[in-house]
Amino acid sequence: MTDALDSLISNHLARSRAAMERAAVDGALLASAERIATAIIGALRGGHKLLIVGNGGSAADAQHIAAEIVGRYKQERPAFAAIALTTDTSALTAIGNDYGFDHVFARQVEGLGASGDVLLAISTSGRSPSILNALRKARERGLVTIGFTGTNGLGMGELCDELLVAPSDDTPLIQQIHLATAHGICETIEAALMQDAR
């Protein structure tokens, strides 16, 4: 590989490290993450579920987070209720075809969400219509609404009970911060609910 290509990888890793270091000392992000963990813990303790939505890379993050909650993060324990609304291709394509892509998540929230559940909506831009519509529908149905976004997505906060803002406007870095923070939230949820089981 040429030096120029090698430097692209090195530069990305350096930017990634710097972004993670900023996130690790970002008081607002850390406080928001703690409140989000507390909200999800409360919902799961009450027999409710976590619904998660996102597009593209954020859809992959939604599935990853749901897998950590339903399967396990680190500890052997009972399964907890989490559903990524990004995985049912029949529902996604039927809703997209009949109602438009902007409603692929809102329609699922309407059918699957109940008061006391939590919707985690991930959008690096904070402007995705399908995500914003899901948040609106969740509010109508009495769900707790949580958003993950970047510094350009603050408008999304109007629809969220809690908004976690990655300190970046670079999509790949935002996604990396989201997933790393989500892992910390999953670890917190698991530890708290495991204490309940003892």
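Using the three backbone atoms N, Cα and C, a Cβ is placed for every residue, glycine included.
The candidate list Gln75, Gln108, Gln175 contains one residue that Swiss-Prot assigns to the substrate site with Asn55, Gly56, Gly57, Glu68, Asn97, Asp98, Ser123, Thr124, Ser125, Ser128, namely Gln175. Rounded to the nearest whole angstrom, the C-alpha distance between Glu68 (Zn(2+) binding site) and Asn55 (substrate binding site) is 19. Other residues of the chain with a Cβ within 8 Å of the Cβ centroid of His64, Glu68, Gln175, His183, the Zn(2+) site, are Asp61, Ile65, His178, Leu179, Ala180, Ala182, Cys186. All chains included, 20 other C-beta atoms sit within 10 angstroms of the C-beta of Asn55 (substrate binding site).
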